[in-house]
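So TrEMBL lists the following for this protein:
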{"type": "TRANSMEM", "residues": "B:21-45", "note": "transmembrane segment"}
{"type": "TRANSMEM", "residues": "B:65-91", "note": "transmembrane segment"}
{"type": "DOMAIN", "residues": "B:65-266", "note": "domain 'ABC transmembrane type-1'"}
{"type": "TRANSMEM", "residues": "B:103-124", "note": "transmembrane segment"}
{"type": "TRANSMEM", "residues": "B:136-165", "note": "transmembrane segment"}
{"type": "TRANSMEM", "residues": "B:194-212", "note": "transmembrane segment"}
{"type": "TRANSMEM", "residues": "B:248-268", "note": "transmembrane segment"}
């Protein structure tokens, strides 16, 4: 008992030291560049921009974030990717963020309704659903109806998440009755279940199928046209760093940003 | 007579000390206490008391609660069956690398549960190191099943039981066991008839701790077993998903879990609240 108590204490010490180190690091990164350039009156961008973005935007936004940091030395873009509804809930309960990019107008509305968005959100891309199957599609899934085959393990997003709401809409449009094995909390966890081959198929976004490369095979289905998601982006009311945040939003909406996004499989707004 | 003489000074001394609590200790202590209590008070303040009966009588809540209780109890039973012998092995036998094994046993205590869930998928998933054989030979797949929930909870909760039982075993005098064996009992009989009754309070406390941990398990469960109402959606998963579109329901569910936690604390009060 004493040995394990000693061990626990050591673990806690290590944890404490690393937390302190992290705090010092983050303090440096947020205050360092700001204090250097605070005196110059030019509108040079600085500091950290915190972007809350739908899980499906992960790959493209990471790339755009790097571009942004390179173009504006002294800035840092940090991301919080997750289910849009989770992100919206944390924003309305006061999470410090500059930019919110949601995967549906409904989740964005929960933020604008609470008055947490600065200005009107703009739709910057659209996304379609696709079926992600195991590599090479061994179950020969060719349509939404095939997902209802007995014995097939299908995962969907929870209906509180945009991809789940869209999937439900598409299933209803196709008149398909489907009992999945799980309702996942965001689109990436749904995709992961197929990547790990735990599930046979998932209804995810076209962009996720593309991002997964050869770990999954995508199957397009006509009903997806009935459930196209608009992705709105907005500056937040309590943004700690609004100037830099605006510049990041501008990059996302620019021709260059759109090129990155359409390269990932997103549709033009 | 001697009893009153002994107990009187013991009672008076702490009273004298309370007056002299140094401010540098008192202030952080009170802040710490407030920090621990305020969120719970907030939960009570913001609780949708008027709609609470309606929230708590919905079928989904009961389904999640039932599943939570069943899975946590099964996980505790599983932990007892393998955890007590494991604790005995760590406390009563000597083998090379014992300290290392103990560190491994406690690893799930510090491991983020989601990582535990991923590790479980890689081991027991349909395509996992062991799972692929389970699937091929017996047609058993564990992810997305209630059994999967139980396994995930056991993985996270068993270390609590092992640590607790091992501590009790170390504190228990091994000479009773030795006496039993010199009197002709086999080592297993000595364990069953002598050691086990001796450490029963420690086992019970460890079981309650493990049960409470299993009941609150979220990360490993949602990662390994997914989320499906009635099959793998336990209370914490229901709270998490409800928070996103129906905060009132999430608060109601949280209150139920809070009530259960208080009940667990009450069950442990003899050990923790008065034993000091």
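From the backbone N, Cα and C atoms, a Cβ is placed for every residue, glycine too.
Unlike curated records, TrEMBL annotations are generated automatically.
Help me picture these features in the structure, burial and contacts included.
Distant neighbours of the transmembrane segment (B:194-212): 72-73, 75-76, 79-80, 83-84, 88, 157-158, 160-165, 167-169, 171-172, 176-177, 180, 185, 260-261, 264, 267-268, 271; these residues of the same chain sit at least 6 beyond its ends, with a Cβ under 8 Å from one of its Cβ atoms.
For the transmembrane segment (B:248-268), the residues of the chain that approach it from at least six positions outside its boundaries are 40, 43-44, 46-48, 51-52, 55-56, 58, 61, 64-65, 205, 208-209, 211-212, 215-216, 235-236, 238-240, 242, judged by C-beta separation under 8 angstroms.
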So which residues does the transmembrane segment (B:21-45) touch in its own chain, when a touch means Cβ under 8 Å and the partner is 6 or more beyond its ends?
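Non-local partners: 251, 254-255, 258.
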